[in-house]
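Novice: One structure is given below, represented as structure tokens, and several questions about it will come after.
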Amino acid sequence: MPSVKVLLTRTDSEVPIPSYARTGDAGADLVTTEDLELRPGERAVVGTGVAIALPAGYAGFVHPRSGLAARSGLGVVNAPGTIDAGYRGEIKVCLINHDPEQRLNLLRGDRIAQLVIQRVEQAAFEEVAQLPESVRGTGGYGSTGGHGALMDSIDAGTVGNTTGSTEV
């Protein structure tokens, strides 16, 4: 059951409006308005045939479709793509073929991404001389565990260095 009204116009009258595959799904499917071939590693910006007006306090986020990503390597370059409430143009998706060998063919009307609508907040940034302490502290990538060898090589300055030298 929908909880927020989103106004929509079609920029291509022949494509379907975004829809949810099942009740309770977070993402509504977006389709491509064109036939397209993506070579391995190639990117393309494709139209979806729809423009929306989100209410103030909401944003749209364009996510890859997990099945396409798993089966064919199709991804969204800037996942998730952000649609601000004030944007009124056609929703376009920057796709990429991550498969190292296979070309990917899309047909007009194929589902290419999912649109998730979420409530968002604007932060009031306040500069301070020092941040309060936390349990995590300044621990960054991989600091919560599971990557011991990687973290050791980062600490030693040898990530990506096959010579064993710590000079970077």
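Each position is counted from 1, following the chain as shown.
Cβ coordinates are placed from backbone N, Cα and C, and glycine is handled just like the others.
OK, TrEMBL features for this one:
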- ARG65, SER66, GLY67, ASN78, THR82, ILE83, ASP84: substrate binding site (BINDING)
- 14-145: domain 'dUTPase-like' (DOMAIN)
Novice: Return the residues near THR82 (substrate binding site) by Cβ distance under 8 Å, restricted to its own chain and a separation of at least 6 in sequence.
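Specialist: ALA59, GLY60, PHE61, VAL62 - these are the non-local Cβ neighbours of THR82 (substrate binding site), listed in sequence order.
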Novice: Can you see whether DSSP assigns THR82 (substrate binding site) to helix, strand or coil?
Specialist: strand
Novice: Which value does the mean pLDDT take for the domain 'dUTPase-like' (14-145) in this predicted structure?
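Specialist: Across the residues of the domain 'dUTPase-like' (14-145) the model's pLDDT averages 95 on the 0 to 100 scale.
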Novice: For the binding-site residues listed here, SER66, GLY67, ILE83, ASP84, which shows the highest count of neighbouring CB atoms within 10 A?
Specialist: ILE83
Novice: For a quick check of packing: other C-beta atoms within 10 Å of the C-beta of ARG65 (substrate binding site), how many?
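Specialist: Neighbour count, Cβ to Cβ under the 10 Å cut-off: 21.
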Novice: Give the maximum pairwise CA distance in Å, whole number, for the residues ARG65, SER66, GLY67, ASN78, THR82, ILE83, ASP84 listed as binding substrate.
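Specialist: Farthest Cα pair among residues binding substrate: 26 Å.
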Novice: In sequence order, which residues at least six apart in the same chain have a CB under 8 Å from the CB of ASN78 (substrate binding site)?
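Specialist: Within the chain, ASN78 (substrate binding site) has Cβ neighbours under 8 Å at CYS94.
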